[in-house]
Amino acid sequence: MDAIRIERLSKTFPNGRKGLEDIDLAIAPGEMVALIGASGSGKSTLLRQIASFSSSDARPSRIDIFGRSIQRDGRIARDVRRMRRDIGFVFQQFNLVDRLSVETNVLIGALARVPMWRRLAGRFSRADRALAAQALGEVGIAEHARERAANLSGGQQQRAALARALVQRARIILADEPIASLDPAASRRVMEMLRALNANHRLTVLVSLHQIDVALRFCPRVVALRAGRIVYDGPSAALTRERLHALYGDDAHLPFAVGDEVRPAAREAAGEPARRAPAAFDSAGSPDLPDSQPASPRRMLAASSMR
């Protein structure tokens, strides 16, 4: 059974622009997959469709999460909120509530599986708090649990979002440009944490990235989008400069500045020892712009709780 299965998915925006066109994609449980493409290629749109934040075109299509249909033929499943419990969504914009403590922000992940009266009262059990403490320790920010989220750096806020996904007990993490606004050191830590969660918890990870070097280092498989279509789906080791130019033409050098030819993710998948990260990762490029406008804080909080 696939963790994510998509068949014939298309998405047209109200202005008539095609966001996605005939997407077919299957991701197995425990895979770590990079989603790459220029701004506007459909990366964010695809991730939001998988989470069913909006419906696809009304035509034969389907999105299944662990064998259950979350969206079919342009209609979102009635029990979509229940199904979203399996999905932890990490936004590019840090979607924490600034005035709340880091611990409380992480505990929001537990809201989807607690009784309604506890949701309304905002009461969390000792077990929930113990799980939050464990998750914060796992992502390396346990000492900030009682601080306001506003005091965290960008990289720490993204790690708090990952801790929230652990408290949510998500089986899939969808990360939409999680390092686009971070400095190189913070970017590396967030990606290392995603890889650790993938390895230690066998979480399925689909992460959209703007830097090809990062995709090659951390993800054994790459899915490339161009103008809403999948133009490559295969091992990161096969994604050479020549292949990139064939896929993206003269635009290949703009969003995809490949450093050297080191591809640790591909080597590790083949059982070979990893090497040092590409130099280009140490000097990551400028932040990407999201495919769509970020949601308001209230909408992001509602989405993050997956209630």
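Using N, Cα and C of the backbone, Cβ positions are placed for all residues, glycine too.
The domain 'ABC transporter' feature in Swiss-Prot is assigned to 4-252; the stated evidence is sequence analysis. For G37, A38, S39, G40, S41, G42, K43, S44, the entry in Swiss-Prot reads ATP binding site. Here Swiss-Prot flags 265-275 as compositional bias 'Basic and acidic residues'. Residues annotated as region 'Disordered' in Swiss-Prot: 265-307.
Cβ neighbour count for S41 (ATP binding site) (all protein chains, 10 Å cutoff from its Cβ): 24. When the neighbouring Cβ atoms lying within 10 Å are counted for each of the binding-site residues (G37, G40), the highest count belongs to G37.
Scoring each of the binding-site residues (S39, S44) by how many neighbouring Cβ atoms lie within 10 Å, the top position goes to S44. Of all Cβ atoms in the protein chains displayed, 25 besides its own lie within 10 Å of the Cβ of G42 (ATP binding site). Within the group of binding-site residues (A38, K43), the Cβ with the highest number of other Cβ atoms inside 10 Å belongs to K43. Reduced to three states, the DSSP call for S39 (ATP binding site) is coil.
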